[in-house]
Structures are given as C-alpha cells and as structure tokens.
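Q: Features from TrEMBL:
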BINDING   Gly74, Thr77  Na(+) binding site
TRANSMEM  32-55  transmembrane segment
TRANSMEM  67-90  transmembrane segment
TRANSMEM  102-120  transmembrane segment
Amino acid sequence: MKILLIGLGGFFGAVARYGVSKASLFIMGGRFPLGTFFVNVSGSFLLGCVMGSLFFRSTSGENLRLLVGMGFLGAFTTFSTFSVETILLFDEGRYLAGSANVFANLFLSLAAALIGMWLVKQ
C-alpha cells in the first residue's frame, strides 16, 4: 500500500512539474530556469506545511506523508534539474544569473519551508 501511495503521488507530482516547466517556458522563454525555481520554492512551502502539521499537531499522518510529502512533492521539486540548469548558466558565462539561481533557490526554498511550518504551528 505504501509503495502505491508514493507512486500515485509521484505520478501527479511529475505531471504537475512538467506542466509548470512548459508554462514557464511559454510565458518567460528559456533565459532563466523559472519553472524549476517555482516548483522548488512552492514545493518547499507545501512540504513545510505538510510536515509541520504532522509534527506540530501530532497527527498520525503516515499515509499523507507518503502520498503528498514523498510522492507528490518529491516528484514535483527537483534539486537535480536545479543543479544542471545552474551549471549550464555558468557554462554560458552567465555568472550573475547562475549565482542568482543558486541564492534564490536555496535561500527562498529554505524560507518557504520555514514559513510553511510556522503557519501550521500557529
């Protein structure tokens, strides 16, 4: 059952990430990896909310953690794509964009997770 929950969540998370990536390319073009940035920050916020609610509210949410946390958000967010896109920015000589990508993804993803956890703690 646990594997099915993770797989089901992962399927929908991957499809959602694909949709966000395509929409980002359509709207903004391919100059900066905004799709990856958006999924990482929003996914961090949502995971902060999910994990915060399980931790701070002491609910028994193993199935929710597997379906949403590990499955959906695990497939929705992407550290590997962020890494490769950042390397490509540096490889193209776009050092400011590459540095901004690193800072924005790491700092804002951590901040988003913290805010998500804080919100459910209130």
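Placement of Cβ uses the backbone N, Cα and C atoms for every residue, glycine included.
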Q: What does DSSP say about Gly74 (Na(+) binding site): helix, strand or coil?
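A: It is helical.
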Q: Within 10 Å of the Cβ of Thr77 (Na(+) binding site), how many other Cβ atoms can you find? Include all protein chains, please.
A: 21
Q: Could you give the residue numbers and ranges of same-chain residues that sit at least 6 residues beyond the transmembrane segment (32-55) on either side and whose C-beta is under 8 angstroms from one of its C-beta atoms?
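A: Result: 16-17, 20-25, 61, 64-65, 68-69, 73, 76-79, 81-82, 85-86, 89, 97, 101, 104-105, 108-110, 112-121.
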Q: I'd like the number of other C-beta atoms within 10 A of the C-beta of Gly74 (Na(+) binding site), please.
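A: So the Cβ neighbour count for Gly74 (Na(+) binding site) comes to 18.
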